[in-house]
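Record features, source TrEMBL:
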type     : residues : note
DOMAIN   : 80-419   : domain 'SLC26A/SulP transporter'
TRANSMEM : 80-103   : transmembrane segment
TRANSMEM : 109-126  : transmembrane segment
TRANSMEM : 133-152  : transmembrane segment
TRANSMEM : 182-200  : transmembrane segment
TRANSMEM : 212-230  : transmembrane segment
TRANSMEM : 250-283  : transmembrane segment
TRANSMEM : 295-314  : transmembrane segment
TRANSMEM : 339-361  : transmembrane segment
TRANSMEM : 382-404  : transmembrane segment
TRANSMEM : 436-458  : transmembrane segment
Amino acid sequence: MAAGGGVDGVLPDLSRYVVSRPIYNEPAFQEENERKLVVVILAILRFLLGSCSKKKAVQIAKTTFPILEWLPKYRFKEWLLSDIISGVSTGLVGTLQGLAYALLAAVPIGYGLYSAFFPILPYFFLGTSKHISVGPFPVVSLMVGSVVLSMAPDEKFLVVSSNMTGLNKTFIDTDARDAERVLISSTITFLVGIIQVICLDKTVSNVATIYLADPLVGGFTTAAAFQVFVSQLKIVLNVSTQNYNGVLSIIYVSTLVEIFQNIATTNIADLIAGLLTIFICMAVKEINDRFRHKIPVPIPIEVIVVTAGVSYGVDLEKKYSAGIVKHIPSGFLPPEPPAVSMFGDMLASAFSIAIVGYAIAVSVGKVYATKYDYAIDGNQEFIAFGICNIFSGAFSCFVATTALSRTAVQESTGGKTQVILNYLLLLKNRLSKTTILYIHLHILCFILLIYCNFLTMLF
């Protein structure tokens, strides 16, 4: 081996690193990079303009507003009469249920009318289900009511007044209490809508529909049905009780204990009317189920309205001190902004209500979509119900979803599309000014019990 590390005098190859780059000055550097930026921008514009065609714009519009898809295909001669009949029947049931569910939401009963009407307007344009009836639902209303009662209990509005004898008397400022409760319910409705609009991700909607499966929802609604039953006994019997909050308060320190302590003060007229209402409602339900194939239009629950005439003719309020709804203001309230300062206190509850309401609506929608061979869009339903709740929250409503019983009435009476919802406006204006003035509170409760407690525990 030769000195220097070679083999037999052969030198190894030497590695080389060569750098070759242009020498820039400031003007040349700016000119070249600006030219590249222009090329990139032009490429992006060509991509966007190439993919944004008239056909795609129409497709996006139909996806955002499903009404543009199905309304031009509406068969007026075949469907209009059925939709009108279904709209009237569903409107009456929905209106009465809205009044009843206002009791669960712990707001004045008249706000049930607003909650039965306003949510249907946005859904008419944004919803993908042809059959679900949008409005209050007992379980969701009960969840709203729990938030309302926890944030605005009766004790918060106690007022002490003195009379001429120097004795102090404590009473509840019901006007201030009701105003605060309406503000809380509308605020949580607005917040629920915001959460539903934000939860547009497909993963969120899939989790809501998969993990809130039938056994879970069924167990939840069964427990809620029991709580509804117990909480409304005081109105059925016309017995005065206070509202309490806390674990098992409905049994240990609230309704049941106070009802049995004051059972001797039960209003017999209310009790008899309530029992008769149970019989009528169950009889109507059995007739509808037994003769659904023979009767083209099932017997609706208009029989309840007859009791309003009986109440007025017999004058049950004055003669027997029976509790009735009394006056409900006609027309609409002006929109009001939500109390944003309350968002932090109700965020967790609002999220639960948003998911439960969405899961119930989509579950019912899928049942009828499968039956009539069409599809509903889960993400679009999130948008639709989110906008419904944001819109209705501005008009002092409580949270909207759908109900199986009300949707069943809509479908069984021949409803084909959401066109029937337009007829609820007429029903709302008429009913709020006439017969509803004399419908008994306990009758509304038993509509609630028949349609909610015993049916939804199976749903």
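Cβ atoms here come from the backbone N, Cα and C positions, even for glycine.
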Give me the stretch from 80-103, 133-152, 182-200, 339-361, 382-404 with the greatest number of Cβ pairs under 8 Å to the transmembrane segment (109-126).
382-404
Among 80-103, 182-200, 339-361, point out the range having the most Cβ pairs under 8 angstroms from the transmembrane segment (382-404).
182-200
Tertiary contacts of the transmembrane segment (339-361) (same chain, 6+ residues out, Cβ under 8 Å):
129, 132, 134, 137, 139-140, 143-144, 146-147, 151, 183-184, 187-188, 191-192, 195-196, 199, 205, 208-209, 212, 217, 220, 381-382, 385, 399-402
